[in-house]
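Undergrad: Here it is, the structure in full.
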Amino acid sequence: MKSFLINLLSVLHFLSQLSTSAGYIPWRAILTSGPLWAIVVAHFSYNWTFYTLLTLLPTYMKEVLGFSIKQNGMLSALPYIGCVVLAVLSGQLADHLRETWLVRTVIVRKVFSIVGMLGPAVFLVAAGFTGCDYTLAVTFLTLSSALGGVSASGFNINHLDIAPSYAGILLGITNTFATIPGMVGPVIARTLTQQVRRVPSPFINPYIEAVIVWCFKRLRSLLSSSVSY
């Protein structure tokens, strides 16, 4: 009962912080916020990999690994099932670390962002070395997308940490930039796999995506280095 009351009070306190005063939105403070742009960078780089896999994974399964349409549908879904599962589990773990072990929120967010972005990059590169070994290819791609779910407890929830009252606005801003890879990434990937003949296509895109994720992760670390929540 005591634990329930404590949690209830925490929820009520959080909800009280969500109400904005007279509809005022501090646009200047929002748009000049370093932590916000750090989230933009992280969101952008993560979505580059996410959208590229989302649009081209079925093609890869069919043309490179030789799966039938029925097999393709089932195997293409595995990475995203793993992503959903790890997103839920990582959320539970993140809350446990913050509430039970009293780990600082900023540390939890950074660690989960690192795991959720560098982990997928590592397994994307590994997938490039599998050739036509469909077992390893599917395993590495599943692990790559599944680990991406860990970032749900990293930068994805970070909007609520830095500005609870304006989290929706912040998410709208970051997601606007993060939608760009959905238009650009697959086009670049498909262009490379159609034009480059000397290097097999599975070896090209993973490196591009891994480099993008790594570079933007470093930039995010620089932008968010002063955050102390």
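All residue numbers here begin at 1 and follow the chain in the order shown.
Glycine is treated like the rest: Cβ placed from N, Cα and C.
Source: prediction; values computed, not measured.
Below are the features listed in TrEMBL for this protein:
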type	residues	note
SIGNAL	1-23	signal peptide
TRANSMEM	37-61	transmembrane segment
TRANSMEM	73-94	transmembrane segment
TRANSMEM	106-127	transmembrane segment
TRANSMEM	134-155	transmembrane segment
TRANSMEM	167-189	transmembrane segment
Undergrad: What stretch of 106-127, 134-155, 167-189 shows the most Cβ pairs under 8 Å to the transmembrane segment (73-94)?
TA: 134-155
Undergrad: What same-chain residues lie close to the transmembrane segment (134-155): Cβ under 8 Å, and 6 or more beyond its ends?
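TA: Cβ under 8 Å, 6 or more out: 38-39, 42-43, 46, 49-50, 53, 57, 64-67, 75, 78-80, 82-88, 90-91, 93-94, 108-117, 119-124, 126-127, 202, 220.
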